[in-house]
Amino acid sequence: MGANQLVVLNVYDMYWMNEYTSSIGIGVFHSGIEVYGREFAYGGHPYPFSGIFEISPGNASELGETFKFKEAVVLGSTDFLEDDIEKIVEELGKEYKGNAYHLMHKNCNHFSSALSEILCGKEIPRWINRLAYFSSCIPFLQSCLPKEWLTPAALQSSVSQELQDELEEAEDAAASASVASTAAGSRPGRHTKL
């Protein structure tokens with residue numbers, strides 16, 4: 001294995017909402033795991049591919065205007081190499097698909113905790129995901145939350161790129177099929193007399 005790399009939880013305050021929720025003891029936070037100078041996070045979108053995305057560590061502006069960097073929490077260290085971490089994130093992407101996002105059961109903080117457990121054997125602090133706990137007690141709470149909370153700006157551009165790539169692949173495949181059928185049609189064929 002490689003060098004001992006710090007595993008850091010970057011926590012973001014959804015500050016305009018926290019003006020209201022902090023008075024009742026519930027913060028609304030987004031989180032991501034930083035390792036090897038890269039930050040991995042998870043968000044929802046309506047498609048059946050990975051909702052995991054990458055941003056510059058601690059850069060709240062990449063998440064959107066409703067986010068503000070709150071703090072970095074050192075969770076531990078890992079001996080995984082950077083290539084190993086990419087494979088781990090890719091595997092987690094099969095479970096953390098965009099259309100599987102759920103505020104109570106599978107949100108960004110659940111992802112951060114899962115990745116942290118794999119990398120350094122520790123869950124994230126409980127206070128970061130307190131909203132999920134309370135919303136499981138008050139089911140209608142999720143329907144009251146703005147849709148943009150589910151899909152941070154950084155993920156929206158990642159999803160747009162993924163969809164653009166899929167469209168280009170489909171167009172390339174269609175063009176190849178068209179060229180192949182045209183070429184096949186211009187080949188001399190067998191002619192038989194009846």
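Every residue, even glycine, has its Cβ placed from backbone N, Cα and C.
Feature annotations, courtesy of Swiss-Prot:
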DOMAIN    5-149  domain 'PPPDE'
ACT_SITE  HIS30  active site
ACT_SITE  CYS108  active site
REGION    165-194  region 'Disordered'
COMPBIAS  173-186  compositional bias 'Low complexity'
According to DSSP, does CYS108 (active site) sit in a helix, a strand, or coil? helix
Have a look around HIS30 (active site) and count the other CB atoms within 10 A of its CB, chains all included. 26
Helix, strand, coil residue numbers for the domain 'PPPDE' (5-149) per DSSP? 64 helix, 40 strand, 41 coil
PLDDT averaged over every residue in the domain 'PPPDE' (5-149): 88
